[in-house]
Amino acid sequence: MTHLYAAAVLLLALALSEQGVNCKHFVNEWAAEITGGREVAKRVAKEHGYEIAYELEGLPDHYVLKRSDVPHRSRRSAHHHTSRLEQDHRVTFVEQQHEKIRVKRGYLREPEESEGNSRWNRDLAREIIRRGGSLDDPNFPHEWYLNPSDSNKRDSAAADLRVHGCWKKGLTGKNVVLSILDDGLEKNHTDIKDNYDPEASYDINDKDPDPQPRYDITDENKHGTRCAGEIAMVANNGVCGVGVAFDSKIGGIRMLDGRVTDSSEAFSLSFHREHIDIYSASWGPNDDGKTTEKPGKLVQKALEDGVTKGRGGKGSIFAWASGNGGRVGDNCNSDGYTGSIYTLSISTATQLGHSPWYAEKCSSTLASAYSSGAMNEGKVTTADIRNRCTGQHTGTSAAAPLAAGIIALLLEANPELTWREVQHVTLHSARMEPLSGEKGWYRNAAGYCVNLAFGFGLMDALAMAEMVDPATWVPVGEQHICKVEINKTSQLPMSLKSGGFVEVEFTTDGCKGQANEVNFLEHVEIILNLDYERRGAIYAELESPSGTITSLMQERHYDHSRAGFQDFPLMSVHTWGENPCGTWKFRVADKSDQNYSGQLKNAKLIMYGTEEMPAYRKKDPKDCQGVTINEDPTRAPVPAEKQTIKEMLDETVSYLRSTSQHVQGASSVQEELRKLFEDLKN
């Protein structure tokens, strides 16, 4: 009887949790593409009872329309209003906006310290560095990841992003503009103001040009200023520390301190793309181990347009934090933002070369930068709001801005690099040696070493800059895209049950002889359509024709969704450099001994790459050195351990706690579970 009661309560808990995860809150704004110019858009809006709230910068003919007679927030869509706009021949696209949950990817909250300030001189700073002297910024000695002479390195002499070597060459971020997409930027901070760029700044939350954060007693909106300081803190001014690219220009888009929608994200990602070189984003969908979300249509267009039109056609750079959901077994491939081919996904390593407890593992991560780890390891030093300094910045939130700063040094060294060349250089020059003590490294068929936790390794600023010397750099060939359908021998849909797996094959010649021929792989995507009773039970892997096995998705114990994967892209960089010709094998498994079932409806293979091997690769056939290779990497499906009733209850209670703010009645279910657990113990 007790077990029946347990089952009933668990089913109720999961039902409530499912309701909370899938619930959308629609707002009284519509994103619309209206041809004919602004005057036509105004007429369309007026005729249908709307007003134009704002135009989407960087997306021609795209507007956000607003209705005053629709609730600001509702669980029901106003489909009848959407339908009327869809029927207007002048409207080519329309979508009612809904709120998106966005989480800043920083964790620890510890006491901060404050420092004073003094005047500085840029030329003096460069001269001091050139001569091997010390800068007078009081917290610079604590920036162990930048300072090769830092005494706090303990036994980790390799804990260095090799930024100092770039500074000695005179590379400090000059003529490079970055923008932090976050909760605001304290533009008048003593250690930031001289590098502040108003043309790279905007407040989408309040619709004005000032990105200054909103202040409260908890300092909730410090995140963006901290990220900006890592990049652009002024050197040798006696204040705080030194930014990675201390001569760069920095701006901020205040977009997280308020309602976030597809349109507000798209506006931020396309803002002044002719002026901004690098966008840094240390946020994303909830890292709760149960959210699976890809960019909306407008964000996808903003990213695509960014890499084709930004920086004079060379492509905007989007540096993105890979996520902090490691503690709940999250997988960054469930985040379609960091999993996009257009973003440069950055994970993190600790001072002692470990993968921290919060880091997520996935096949879309390109490389890593340093951030926080265990209590005995260093954190990141930067500027803080209220004109303060901090040595407590943490998480992948801190790693992505360091990467953005390094890319600023790279673009100063060679401003002609395209967005794809930045990715090529980042992975080819990455160092594995400082992280060689960690498990999970394996060699792909092209000779590259790669790891689900770190990507291709630790970013190396000096090696990147030296690699792209304009006197010797040969541009990478244009991107080709080759799409492959499942072999006709596979009968779809294919049934899948717990304890089993399904496999489909893709045979390809790399589109040989066509204009889009691919012989050197870059990114690979599987576009997955799968129905399943419990999404978190799914494991997916891809095997290349050369035998490289890549884990595309791992089980997520907190993901009880029945939504499956609908046209969801699972991206990998783990076969970079391989030849795609031959037969690819895609496998989906449920390793549990439960009673779940579903169907693989379809999958499509998309291969991105070049027709010819890049010149840098011919010159330097980099191989794994100093890294312990897992000859039998633990990336293939293995049987899951059975859960005891206690473990199931503990997991469900934890899950409900994480969703209780969104689920009505969750607190009462928690109490029932607590009582039930006490009964079971007795």
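Each residue, glycine too, has its Cβ placed from N, Cα and C.
The signal peptide feature in TrEMBL is assigned to 1-23.
Residues near Asp182 (active site, charge relay system) in space but far in sequence (CB under 8 A, at least 6 apart, same chain), listed by position: Lys104, His223, Gly224, Cys227, Gly252, Ile253, Arg254, Met255, Leu256, Ala281, Ser282, Trp283. Annotation note: Asp182 (active site, charge relay system) sits in a strand segment as assigned by DSSP. Feature annotation from TrEMBL assigns active site, charge relay system to Asp182 (among others).
Mapped onto DSSP helix, strand and coil, the region 'Disordered' (188-221) counts 6 helix, 4 strand, 24 coil. The annotation region 'Disordered' is assigned in TrEMBL to 188-221.
What TrEMBL records for 204-221 is compositional bias 'Basic and acidic residues'. Counting residues 6+ beyond its ends, the compositional bias 'Basic and acidic residues' (204-221) has Cβ neighbours under 8 Å at 54, 183-188, 198, 251-255, 257-259, 264, 267-268, 385-386 in the same chain.
Under the DSSP three-state reduction, His223 (active site, charge relay system) is assigned to helix. Take the CB of His223 (active site, charge relay system) and look out to 10 A: across all protein chains shown you find 25 other CB atoms. The annotation active site, charge relay system is assigned in TrEMBL to His223 (among others).
In the three-state DSSP assignment, the secondary structure recorded for Ser397 (active site, charge relay system) is helix. Per TrEMBL, active site, charge relay system is recorded for Ser397 (among others).
Look at TrEMBL and you will find 476-613 tagged as domain 'P/Homo B'. Counting residues per DSSP class in helix, strand and coil order gives 3 helix, 73 strand, 62 coil for the domain 'P/Homo B' (476-613).
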Can you give me the average pLDDT across the domain 'P/Homo B' (476-613), rounded to a whole number?
98
Would you mind checking how many other C-beta atoms are within 10 angstroms of the C-beta on Ser397 (active site, charge relay system)?
30
